[in-house]
Amino acid sequence: MELDAAKMIGAGLATLGLGGVGIGLGTLFGNFVAGALRNPAAAPKVFPNLLLGVALTEALGIFSLLIGLLVLFG
Amino acid sequence: MELDAAKMIGAGLATLGLGGVGIGLGTLFGNFVAGALRNPAAAPKVFPNLLLGVALTEALGIFSLLIGLLVLFG
Amino acid sequence: MELDAAKMIGAGLATLGLGGVGIGLGTLFGNFVAGALRNPAAAPKVFPNLLLGVALTEALGIFSLLIGLLVLFG
Amino acid sequence: MELDAAKMIGAGLATLGLGGVGIGLGTLFGNFVAGALRNPAAAPKVFPNLLLGVALTEALGIFSLLIGLLVLFG
Amino acid sequence: MELDAAKMIGAGLATLGLGGVGIGLGTLFGNFVAGALRNPAAAPKVFPNLLLGVALTEALGIFSLLIGLLVLFG
């Protein structure tokens, strides 16, 4: 297989990480909105924790996108 | 297949680990925000446990990124 | 396929184990923080069980990383 | 494909089992700590059942590691 | 691809079964310990059902290991 062809397959495979992070972020926000609907008064206090979780989880998706772009153009 | 071509496919596959850790972190933070919305007073006491879990889980994602970068540039 | 090329693909595949262990650790810590927020007084008593679970689960991730590094550099 | 190259890919694939067992152990310990936080008094009585489950599940991870090492060095 | 090389890849793929059975056993024992912690008095009566489930689930893991070893050495 030539290098150019392998780049296409590698970049496609790199979206596997994006998919997993998508499941994780969906679970995270899903739990937050379910809890916030049960106890709306507490939501502003818990919001910073949500943002911390989003930042740490989303970082993995950014790493994955980075690998995909490095494979494609690096 | 040449070495250069295989590097591209290997790096793409290495995002599998990032995806799994993304699911794990989403579940972890999702359970934390759901519990914190139910009992906001206890959240500061449980926060160190959350950070321990984040560190141990995120480490696996960093290992995975490390393997991906070693494959790509090592 | 040459040996060098296969090493790259094998190391990428070895992150599959890291991803699965990431999901498991996230579930384990997620359940712990959810339970500790419901009953904070009992958390110190259950903490050793958590550490036992973390050690046994994390070991599988270390095995997986070990295989990945053996494939890459062994 | 030569035998040496296939060994690398086979060992990488063998971490699939480690990942699955990691998910399983996380679910098992997660349910135990969640239940023990709800009813700490009963935890010592249920602990032997936990150990039985851990032994039977971890064995599958060890089998998987065994296949990985047999493929790599056997 | 030669027969020897294919054996290595086949044995690695055979761990897919071990991983799936690991997830299943973890869910099975996790639900048992969670239920036993909620109602410890009933646990001995439900234990035979757990063993039946374990035997039937673990058998699939053993079949998977058998195929892996047959592929490798058969």
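Backbone N, Cα and C atoms are what each Cβ position is placed from, and that goes for glycine too.
What TrEMBL annotates here:
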DOMAIN    A:9-70  domain 'V-ATPase proteolipid subunit C-like'
SITE      A:Glu58  site 'Reversibly protonated during proton transport'
TRANSMEM  A:12-34  transmembrane segment
TRANSMEM  A:46-73  transmembrane segment
I'm checking region-level scores; what's the whole-number mean pLDDT for the domain 'V-ATPase proteolipid subunit C-like' (A:9-70)?
94
The domain 'V-ATPase proteolipid subunit C-like' (A:9-70) - residue tally per DSSP class, helix then strand then coil:
60 helix, 0 strand, 2 coil
Only counting partners 6 or more residues apart, tell me which same-chain residues put their Cβ under 8 Å from the Cβ of A:Glu58 (site 'Reversibly protonated during proton transport').
A:Val21, A:Leu25
